[in-house]
């Protein structure tokens, strides 16, 4: 409804003057206002013709716009939602101002253009700013990457993504955990085991580079389903047809290609979460979960049914996950091939230093996951005890990643100095594994090595994304290449040291790698601070 001043003239007569609130001698200096009600909404053809002129509700959206349900004019029958009656552009975005909006609200209801993306975070090295980061499309802007079901149930999407990434990385960890049972049958030694693990991660790097762009084309769950089907093929092949070191390595190549495809596919499902630290921590916890499953597989399956049944169970689990993945419309980008342009944030030298940090840290951590059970059995303990020790370390690693991810969201801090401290703690755990004797030092060293020496991945990824909010894909691509490179040379170097020296010397080598990674983290933190004034999208630290 609206208010309108009634008009009256001196010659309009007494009746009109009295209705206007004046006297019969002329117009009153302060005439009353007459309240005008709009006609009641009609039904049928009359509503289709005239209904759009009435029932206007002045409801404002987040940017001062008309909302499509509460604030838009009544649309005629047959008109699509969001069209605004007589041809106004619709949707949740800015819409044209209705012609009959009250004048005193027109400056408020003037349409505004919604921003294309959230502003970048201030403080690239980890400041107190924590805005929500949108997913990046192929051109670097904001894009929807999830289906309608994922928007309604983000927890389910995150759980499926973590399960898919866990099963994708499970074959290589099963190979390491079941090595005391499988290597004698396959005729392999420690060098061959390290080479097989390195081949897996080399194939993962190739698969991530070549098959990763298909995730934007096929969508999150179609690409994940395809990668899991390759994992089913690889796990079944190891369980049934692996009879030598060459055949095992060949099937691990297939599993590595699948792992490299699953990781960028699941990134699309978790990129939209508001709590970035916790989201990255949960996603990166899939690797320790894989080691946890591999550790429990030794006493539960390997020693009772045989090591081939463990790979068969992994094959069945991947096949079951394929069956429950969403089959709705795929989430896609906004067109065009993937082109990683030069970043406007951190310099190439900074990203190379952070890539070296990731490579050294991943090398020591993957070597520990591959050779921990053989090291424990070499000290005189059974394979079941070694599997339980690996499971303990995996639980501590998952708890560390989740705790630090939640902490950085609640009370933001600079991630890279904390990453350096985690590397130092991991080096202490490796040294304890090298110098300690007995089961208790092995358990404490494993807890430190897994929890601190492998709990840094979520924080490092968060630091890189904050520093390169407009080019996160290109920046994290460089650091992820370092992770895969470290996963290749770490187990290989560890195996060579074991073959030519001992497990103690190999653990000291892993400790030296962790200390070098801590130094790279501190240097990278300084370089990020140096790059702050040159970042056009960054605010003050």
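Just so you know, the numbers here start at 1 and follow the chain as drawn.
From the backbone N, Cα and C atoms, a Cβ is placed for every residue, glycine too.
Feature annotation from TrEMBL assigns compositional bias 'Low complexity' to 8-22.
Residues or ranges marked as compositional bias 'Gly residues' in TrEMBL: 81-92.
According to TrEMBL, the feature region 'Disordered' maps to 1-94 (among others).
The region 'Disordered' annotation in TrEMBL covers 113-150 (among others).
What TrEMBL records for 157-179 (among others) is transmembrane segment.
For 191-215 (among others), the entry in TrEMBL reads transmembrane segment.
Taken from TrEMBL, the feature transmembrane segment covers 227-254 (among others).
Cβ atoms under 8 Å from those of the transmembrane segment (305-326) belong to residues 147, 149-150, 157, 160, 163-164, 167, 170-171, 174, 178, 181-182, 185, 221, 224-225, 228-229, 231-232, 235-236, 238-240, 242, 297 of the same chain, restricted to positions at least 6 beyond its ends. Annotation source TrEMBL lists transmembrane segment at 305-326 (among others).
The feature transmembrane segment is assigned by TrEMBL to 347-371 (among others).
The list of residues near the transmembrane segment (383-404) in space but at least 6 beyond its ends in sequence, with Cβ under 8 angstroms from a Cβ of it, reads 177, 180-181, 277-278, 281-282, 284-285, 288-289, 291-292, 294-299, 302-303, 368-369, 372-377, 418, 422, 439, 442-443, 446-447, 449-452, 454-455, 457-459. Residues or ranges marked as transmembrane segment by TrEMBL: 383-404 (among others).
For 416-436 (among others), the entry in TrEMBL reads transmembrane segment. Only residues 6 or more beyond the boundaries of the transmembrane segment (416-436), in the same chain, are considered here, and those with a CB under 8 A from a CB of the stretch are 125-126, 357, 361, 364-365, 368, 375, 400, 404, 442, 444-456, 459-460, 463, 503-508, 510-512, 514-515, 517-519, 521-522, 524-525, 528.
Within its own chain, the transmembrane segment (442-465) has Cβ neighbours under 8 Å at 125-126, 133, 276-277, 280-281, 283-285, 287-288, 291, 346, 351, 354, 357-358, 361-362, 364-365, 368-369, 372, 376, 379, 381, 389-390, 392-394, 396-397, 399-401, 404-405, 408, 414-416, 418-419, 421-433, 436, 472, 475-476, 479, 483, 510, 514, 521, 524, 528, counting only residues six or more beyond its boundaries. Per TrEMBL, the feature transmembrane segment maps to 442-465 (among others).
According to TrEMBL, the transmembrane segment annotation covers 477-499 (among others).
According to TrEMBL, the feature transmembrane segment maps to 505-524 (among others).
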- Spell out yes or no: are there three or more C-beta pairs under 8 angstroms between the transmembrane segment (191-215) and the transmembrane segment (477-499), with each pair 6 or more apart in sequence? yes
- Task: State the non-local partners of the transmembrane segment (505-524) in its own chain: residues 6+ outside its ends, Cβ under 8 Å from one of its Cβ atoms.
- Result: 350, 353-354, 356-358, 360-361, 363-364, 367-368, 371, 375, 416-417, 419-421, 423-424, 426-428, 430-431, 433-434, 449, 453, 456, 460, 463, 490, 493-494, 497-498
